[in-house]
Amino acid sequence: MFTGSIVAIVTPMDEKGNVCRASLKKLIDYHVASGTSAIVSVGTTGESATLNHDEHADVVMMTLELANGRIPVIAGTGANATAEAISLTQRFNDSGIVGCLTVTPYYNRPSQEGLYQHFKAIAEHTDLPQILYNVPSRTGCDLLPETVGRLAKVKNIIGIKEATGNLTRVNQIKELVSDDFVLLSGDDVSALDFMQLGGHGVISVTANVAARDMAQMCKLAAEGHFAEARVINQRLMPLHNKLFVEPNPIPVKWACKELGLVATDTLRLPMTPITDSGRETVRAALKHAGLL
């Protein structure tokens, strides 16, 4: 469940900015049918930053309910205060989710020792498997391989989503962790190369709109068929890139609407609707991928 193509799913909203249950069900059904390995609910792409804690928990639980055992659900539970991250994580104890994706604290930029103590404290307050999430381009904080190696010794810290796009990190981390420590790319552009170096899969934005292709690419990679996987990846490469032509999740939410997967591309401020030029750029990438 922690390998292959795991989607960082969008949180669909109605025109008033409320979570749209019908669109969420449609998305989940799409991922079940497409072979997606698991869903990350309310991560960065799921607009965690603009949901309050009650809404955050409600969306995760709604996702779990609508999935109904058909696909594993991972909860995004990161926060920049350790006590807050613990509180959010504990909401999902005994809920049925299979694990938590926990981003490094953002804005306050802790030291490596602070990061170690932060993640260790969270893990000690739950039995849920914990996946570390390193995305310094968003957080201003880089979880270094040496710290990952220390954290990998904590019993329920089972993997990392490594979103630096720096492929040297794969081997650096592999040298410091056990073979069963899960290495997931958080960068669609370099995900296939990441897997060829020994990674186990990707937590993907592209999978929101190209779920079957991403699942097949990851399956081929896991089987060692990298030439075939690369054919799929090259077709998706413009999409990997152009889904970030404006801040995530603006482009991917619009793409979901364009493909009829959600009813609206509504976002909450300070996120704003996609621009006309962004729309045309993403539409061209969708066509290149064979999705339009």
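Using the three backbone atoms N, Cα and C, a Cβ is placed for every residue, glycine included.
As recorded in Swiss-Prot:
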SITE      THR44  site 'Part of a proton relay during catalysis'
BINDING   THR45, ILE203  pyruvate binding site
SITE      TYR107  site 'Part of a proton relay during catalysis'
ACT_SITE  TYR133  active site, proton donor/acceptor
ACT_SITE  LYS161  active site, schiff-base intermediate with substrate
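Annotated features taken from Swiss-Prot, shown on the structure.
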{"residue": "THR44", "record": "site 'Part of a proton relay during catalysis'", "Cβ contacts under 8 Å, 6 or more apart": "ALA8, GLY76, VAL103, VAL135, ARG138, ASN248, PRO249"}
{"residue": "THR45", "record": "pyruvate binding site", "Cβ contacts under 8 Å, 6 or more apart": "ALA8, ILE9, VAL10, VAL205, ASN208, ASN248, PRO249, VAL252"}
{"residue": "TYR107", "record": "site 'Part of a proton relay during catalysis'", "Cβ contacts under 8 Å, 6 or more apart": "ASN80, THR139, GLY140"}
{"residue": "TYR133", "record": "active site, proton donor/acceptor", "Cβ contacts under 8 Å, 6 or more apart": "GLY43, GLY78, LEU101, THR102, VAL103, THR104, ILE160, LYS161, ALA163, GLY186"}
{"residue": "ILE203", "record": "pyruvate binding site", "Cβ contacts under 8 Å, 6 or more apart": "ILE6, VAL7, ALA8, VAL40, GLY43, LEU101, LYS161, LEU184, SER185, GLY186"}
DSSP three-state assignment (helix, strand or coil) for LYS161 (active site, schiff-base intermediate with substrate): strand
